[in-house]
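These notes are about the structure you will find just below.
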Amino acid sequence: MPHPRRYHSSERGSRGSYREHYRSRKHKRRRSRSWSSSSDRTRRRRREDSYHVRSRSSYDDRSSDRRVYDRRYCGSYRRNDYSRDRGDAYYDTDYRHSYEYQRENSSYRSQRSSRRKHRRRRRRSRTFSRSSSQHSSRRAKSVEDDAEGHLIYHVGDWLQERYEIVSTLGEGTFGRVVQCVDHRRGGARVALKIIKNVEKYKEAARLEINVLEKINEKDPDNKNLCVQMFDWFDYHGHMCISFELLGLSTFDFLKDNNYLPYPIHQVRHMAFQLCQAVKFLHDNKLTHTDLKPENILFVNSDYELTYNLEKKRDERSVKSTAVRVVDFGSATFDHEHHSTIVSTRHYRAPEVILELGWSQPCDVWSIGCIIFEYYVGFTLFQTHDNREHLAMMERILGPIPSRMIRKTRKQKYFYRGRLDWDENTSAGRYVRENCKPLRRYLTSEAEEHHQLFDLIESMLEYEPAKRLTLGEALQHPFFARLRAEPPNKLWDSSRDISR
């Protein structure tokens, strides 16, 4: 890339010819040029790397999609998929261009530095409590953000004279989650979600808070298995949300267990709770839109270790399969605007891909994909390309209904009323070798296994109007033994009733 500041404007207007002036400073210019090109190459490489993390197309079209289903590969491959696939919802279309322009502008660093200083001075003048102590005033003066907008904190720091930070639990594009001691709740441990000081993430947090407040209002006793919000506040530009402290996500437990599938009795209990929780949302005219194993957390992820003689390795078995549904940042009420694209790629319903409009049935499709993943240990649709995704659906579930094909605006995926897909290409061979009809994934011919796949098939019905509702799902024969359990025993987080 050319260096726009290679020659200073003052040199152009100096006395003597341009060539003579250049020769007189030739040695110095060479030194400056080599240093500049080296640092620019480093900055350019960092900028390109960061762009690949943000870019949707740079991942969707990569040859890595052709790889076979490697379970460890699947875990890293899906990590940041949601923000890539959402596109404009999370990253402006002109974000990269403005970023490069600013990096090349000579005055950008000084402007950014002055803005940071101004922001810090403004923060130092704020007061969040009339009864603030001298200790909290000293803390307020030291509040700073890192380059990405994360709050800089240390173990032992206090927020709002209430939350004492104990450890970091995780990090995402939105911010970080820390474990805290809540000194107004008798020293109880809570999870505190600290949002980046970036406006689009702060706005998403406000929307999530609105949803969580409605959930608390409708379910004050927290009987419907959605994560409970205790409190929220604005801390120096960072939206903070306090939740009940939970265990690992069902995906992280699966990954830590070498992608060993959950036993069918545990699949049954987790699936039943998931249907119950999401049915509660649907009954209150709310669609989650981002259901996936990462957003389903164990209440307590303690486990027992057993040694598998056949595989010669330790295997984990979670002690309690009680779960909670989390992450309502994308949840949408029926009356609100519906974004064109929702859901993480692997759990995205066909009506979303084909842009036919969506509502609660898209959650049911996601649940079907999740239950399958619990049963086999890997994702059903491992892809990042729309056409390939549709080809996988046809390979596993049969042809897409002609009525959906006629209605969609995405005619580029079809030819003469059928999916435009060549099985003789590398992509075609990949789908043919790694996907098979749904029932061929059965690991046992026992009746309960066939009942499970009957449930999954009903959830993966192409047409939303024909797809199983969650009220109907809870009455499915696969859940018969759980329906016989008293409610107080069914949701007891200290007891595993799935065996």
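Each residue, glycine too, has its Cβ placed from N, Cα and C.
Its Cβ taken as reference, D290 (active site, proton acceptor) is surrounded by 21 other Cβ atoms within 10 Å in the chains shown. What Swiss-Prot lists as active site, proton acceptor is D290, and the listing cites sequence analysis.
Marked as ATP binding site by Swiss-Prot on the basis of sequence analysis: L169, G170, E171, G172, T173, F174, G175, R176, V177, K193. On its own chain, G175 (ATP binding site) has H150, L151, K193, I194, I195, K196, Y201, H238 as residues at least 6 apart in sequence with a Cβ closer than 8 Å to its own Cβ.
Taken from Swiss-Prot, the feature compositional bias 'Basic and acidic residues' applies to 8-21 (among others).
Feature annotation from Swiss-Prot assigns compositional bias 'Basic residues' to 22-33 (among others).
For 47-67 (among others), the entry in Swiss-Prot reads compositional bias 'Basic and acidic residues'.
Annotation comment: Swiss-Prot describes 112-127 (among others) as compositional bias 'Basic residues'.
What Swiss-Prot records for 163-479 is domain 'Protein kinase'.
The annotation phosphoserine is assigned in Swiss-Prot to S34 (among others) on the grounds of experimental evidence.
Residues annotated as phosphoserine in Swiss-Prot: S98 (among others).
Feature annotation from Swiss-Prot assigns phosphotyrosine to Y99 (among others); the stated evidence is similarity to another entry.
The phosphothreonine annotation in Swiss-Prot covers T127 (among others), and the record cites experimental evidence as its basis.
On its own chain, S142 (phosphoserine) has no residue at least 6 apart in sequence with a Cβ closer than 8 Å to its own Cβ. Taken from Swiss-Prot, the feature phosphoserine covers S142 (among others).
Summarising the annotation, Swiss-Prot assigns phosphotyrosine to Y153 (among others). Sequence-distant contacts (6 or more apart, same chain, Cβ under 8 Å) of Y153 (phosphotyrosine) comprise I165, V178, I194. Y153 (phosphotyrosine) carries neither a helix nor a strand DSSP state and counts as coil.
With a 10 A radius on its CB, T344 (phosphothreonine) counts 24 other CB atoms from all the protein chains. Here Swiss-Prot flags T344 (among others) as phosphothreonine.
What Swiss-Prot records for 1-67 (among others) is region 'Disordered'.
The region 'Disordered' annotation in Swiss-Prot covers 101-143 (among others).
In sequence order, T168, L169, G170, E171, A191, L192, K193, I194 make up the list of same-chain residues 6 or more apart from V177 (ATP binding site) whose Cβ falls under 8 Å from its Cβ. The Cβ centroid of L169, G170, E171, G172, T173, F174, G175, R176, V177, K193 marks the ATP site; residues of that chain outside this set whose Cβ lies within 8 Å of it are I194, given in sequence order. Under the three-state DSSP scheme, D290 (active site, proton acceptor) falls in the coil class.
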